[in-house]
């Protein structure tokens, strides 16, 4: 039969979000089986105050004539797992996931994500759901264009992580005036891989699994009308609706064999349109283990260390030293600020998960660890915050130890002593001091050590803010 006769009949979809407005449920959906509140707010507030959950549900199954859903005949279950202030806890999600398993849900939609891919109870519960044949679709997040910004659970192997397609400004009118399909680029806000998963927990670092429209997506509004919204939260339910359509066309025996996320990933990739490549054909291997696992250092030209937070084992320091001196390996270090007083007295924060105050161990970068790594080459960084906004050197370290000879770039910097005390300050010429911000050291019969004291210039978010005058 034609595609438009596929309506998702017999498929149960659970939406983890802010709930669904009961009025919407009555007027604009065929089958909303339940709206379950898992938060600590009263049931009376289970009306989806910000409309996010209703919008997501509408993309999947709305029968509103102005903004119809993809699979209007699915059986919806709305799980409210966010409060009116967007708060949520792992325990709420675990309860909701257990109930979804009890209800024998076919597809789960997460139009949200979090940074903690090491939240073991939640991660394990996602694995359990997938192992029981539940197809899990999750938005990758809106933290683009930075790489490594995919949120959990979209970064898991058994989850269909969905990124966002965007429109160039010149094509927006074309799309919505003549309905021509000209979507051809990743939305700037869409999160990118690589994921933060290590090989022993994940399956590499390739994400998202697919992309779907995420700009000017039409859905239900709070006034029983329709509106347009942007974000990967809008892309995920499009994929969820597609999954429901596919599953609805399978027989029970076929569904038991093919009704899992692995099959749907393969099917979507096989039938999707490949986007033009933006790869610049550089080969970069991302190290997912410590340096002792590198077999042959002579195969590598440059070790890039950008804004590190972890320390290195003594064995790793020795390996890098030997690789530079014996195999000609070059090391590029892009550092950032570090100041013990600032960390100790002014950088504590409240963690809502553990309900306790945390203090950071490192600043912008783990400068003490960098100094340990580079000590054998005579290179060292300061433990103060230095900056020069005009140079886009926003909060870095200065290079204070170098061997002779070295190639050095100096700049006038301000030592932000007030910032180190937790007070913002501007730049004043009388506070400026000429300091080394970049240096290159040629190791005799070996590679090179190149150090730059601040990571702002290579941080895409900082560059974007400067472009917009922020």
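Indices start at 1 and increase along the chain as displayed.
Note that Cβ sites are derived from N, Cα and C of the backbone, with glycine treated the same way.
Those TrEMBL annotations? Automatic predictions, nothing curated.
As recorded in TrEMBL:
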type	residues	note
ACT_SITE	17	active site, charge relay system
ACT_SITE	52	active site, charge relay system
ACT_SITE	233	active site, charge relay system
DOMAIN	8-275	domain 'Peptidase S8/S53'
DOMAIN	282-463	domain 'MBTPS1 fourth'
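For residue 52 (active site, charge relay system), the Cβ neighbour count at a 10 Å cut-off comes to 21, with all displayed protein chains included. Counting in whole angstrom, residue 233 (active site, charge relay system) lies 10 from residue 17 (active site, charge relay system) by their C-alpha atoms. Model confidence over the domain 'Peptidase S8/S53' (8-275) is summarised by a mean pLDDT of 86. A distance of 7 Å separates the Cα atom of residue 17 (active site, charge relay system) from that of residue 52 (active site, charge relay system).
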